[in-house]
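Listed features, source Swiss-Prot:
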type	residues	note
TRANSIT	1-34	transit peptide
REPEAT	48-129	repeat '1'
REGION	48-217	region '2 X approximate tandem repeats'
BINDING	ARG51, LYS208, TYR212, ARG216	NADH binding site
BINDING	GLU60, GLU90, HIS93, GLU178	Fe cation 1 binding site
BINDING	GLU90, GLU142, GLU178, HIS181	Fe cation 2 binding site
REPEAT	130-217	repeat '2'
Amino acid sequence: MSCARALAACCLWRLRTGALQPLSAYGRRISVRFCSSGMTLDNINREAVDRIIRVDHAGEYGANRIYAGQMAVLGRTSIGPVIQKMWDQEKDHLKKFNELMVAFRVRPTVLMPFWNVVGFALGAGTALLGKEGAMACTVAVEESIAHHYNNQIRTLMEKEPEKYEELLQVIKKFRDEELEHHDIGLEHDAELAPAYVVLKSVIQAGCKVAIYLSERL
């Protein structure tokens, strides 16, 4: 498919947190940019890219819901601005993956409504344990996401990395920001949370299940 035809098709729709809406001018530029740099719908491994974009979109959506839950409980406390800053970065991540979903015609996971509820509940629930509980959740989730992004980087590097240069740049940038969030959590007493090791292990086990399901459903 030519860039012009891909652009014409993409202009008909846009994804915002799982809903299809008309594509904005910004989304159109994203589609053209990827076409012009060599990463088109024709010359990529569609199955691999579909899985990567779908699961990353779901992960960033879930992260947004977690931070929303934390802010609902701790937004007016001293840790509120710290959580808000991390949440703002996660909003940028989600926006980018919304655009990539449109540009590469990737459907969202069918589990979006489930992650909506579970993410908020996890964020609010751990925040009810106090600042330390919220930060423990942040450490567990961000560590899992960073590890997941590293796996994706290795996968794309094995599949003619020059074709996926821009996608690799996005994933690497977001991986680094997730690691920053991880370190912020540790700096704000995550390890002082009640039953920290158990809590972290349970959350990370849930993250593994979420990644597995979101790639496939």
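All residue numbers here begin at 1 and follow the chain in the order shown.
In case you wondered, yes, glycine gets a Cβ from its N, Cα and C as well.
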Nearest of the binding-site residues (GLU142, TYR212, ARG216) to GLU178 (Fe cation 1 binding site), judged by Cα-Cα distance: GLU142
Using Cα positions only, nearest of the binding-site residues to ARG51 (NADH binding site) (GLU60, HIS93, GLU142): GLU60
Among ARG51, HIS93, HIS181, ARG216 [binding-site residues], residue with fewest other Cβ within 10 Å: ARG216
Residues ARG51, LYS208, TYR212, ARG216 [recorded NADH binders]: greatest CA to CA distance in Å: 15
Cβ-Cβ neighbours of GLU142 (Fe cation 2 binding site) (radius 10 Å): 25
Neighbour count (Cβ, 10 Å) for TYR212 (NADH binding site): 11
